[in-house]
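Straight from TrEMBL, the features:
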DOMAIN    19-79  domain 'NLE'
REPEAT    112-153  repeat 'WD'
REPEAT    154-195  repeat 'WD'
REPEAT    197-243  repeat 'WD'
REPEAT    244-284  repeat 'WD'
REPEAT    364-405  repeat 'WD'
REPEAT    406-447  repeat 'WD'
REPEAT    448-481  repeat 'WD'
Amino acid sequence: MAETMEVEVAAEREAINSVICQLADPDGNSLGAALYLPENAGPKELNQVVNKLLSNEERLPYAFYISDEELVVQLGSYLEKNKVSVEKVLTIVYQPQAVFRIRPVTRCSATIAGHTEAVLSVAFSPDGRQLASGSGDTTVRLWDLNTQTPLFTLQGHRNWVLSVAWSPDGKHLVSGSKAGELICWDPQTGKPLGNPLTGHKKWITGISWEPVHLSAPCRRFVSSSKDGDARIWDVTTRKCLICLSGHTLAITCVKWGGDGVIYTGSQDCTIKVWETSQGKLIRELKGHGHWVNSLALSTEYVLRSGAFDHTGKQYSSPEEMKKVALERYNKMRGNAPERLVSGSDDFTMFLWEPAVSKHPKTRMTGHQQLVNHVYFSPDGQWIASASFDKSVKLWNGTTGKFVAAFRGHVGPVYQISWSADSRLLLSGSKDSTLKVWDIRTKKLKQDLPGHADEVFAVDWSPDGEKVASGGKDRVLKLWMG
């Protein structure tokens, strides 16, 4: 009897073929040695294997990719469908997924009038509790998100407000205008902290704060201008500390990186990397054949939100905030260098690892018109790009390889924003709509019409609860799940 059972078990084992698999992280580092896995193993079984190999105390969710395509079936079905030989070692990339889920926004919860000209910029505070908007009417407005009504009107600019930026500790808001002036505001009172900061000769194109894990409370921020300079300011002394000069044409965008360096993208086709104690030029990134329009960092979400996450936890001291922000930054970054992506008027994008090399890691082609906005997902696994060719494209955040095109807008796409769990992408367009795209299915999740004209600015709150949009019709819209 025992003998026949053994024979049956052996026969059964023969029937289920094994596949030689090599698990690897998104950077290509192997996890353990190659394994023999049964053909009937799928994502569920792979999740168990990865959690075991990584000795995770709490089980974490992972998604699995073979040649940049998500594995959603059993290994055997995948091999059959893609005609892959069982003899070859199959490399399976595991990607950690957010343990929380963000609900897709489905409806407009408020349309708030107040601005008397177009809304040009919108930004949620790092904890997602406050919202600021800048307008062509020369004001900045702060909105009460609980009552969905105007809270403060911040007056002091003499020209269009092109840019607004919250400090990652949530204590300050800075706005930049078409006149080249910057004003620091206290978001609790809506009052300016002293006179406008002057120095730039032309309009402000970008503002970025020093990360809170490097310095708390937040004091320094950098502004970029059409005049070709970037300036580092101290919000406490309200003085310009350093002027970063070297670009031969307008600076279009600026980012303060997690390693403490500043990146500037310019119409002179270059990206410059600066250290921030004396303002020395460290590196120059060349490759684009036309204006650089947009820069994004792989760590941007944690740099923007600092110590705040989707749980809404508040902090009592700058020291505690700095410590938590550093933990979040290190966890997000892992052992890999910070990555930078640039989008240009030459229709292309480049993926860089500036700390490693001045040469691009990948040239990313496919857009048929200028690339207006680029943005890494919060987990750094994806890059999204918005273009005047009416499409939004999705790329692998580690390799820069093209993944999918989202089509549906009938006008240029101006701005994009990610949900905190990296599962959904939001886009705003000249066609007056917002659209939410599902990263997993690569399809349109939600069409959000409602604006009467072009949508210039969109933002998804860092806590994932709400979306804000503004544009030519002068109203601010809030969208909820």
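Backbone N, Cα and C define each Cβ position, glycine as well.
Predicted automatically and left uncurated, TrEMBL annotations should be read as such.
Contact between the repeat 'WD' (112-153) and the repeat 'WD' (448-481) is present: at least three CB pairs lie under 8 Å, with pairs separated by 6 or more positions in sequence. Under DSSP, the residues of the repeat 'WD' (112-153) split into helix, strand and coil as follows: 0 helix, 23 strand, 19 coil. Per-residue confidence over the repeat 'WD' (244-284) averages out at a pLDDT of 97. Per DSSP, the secondary structure of the repeat 'WD' (448-481) breaks down as 0 helix, 18 strand, 16 coil.
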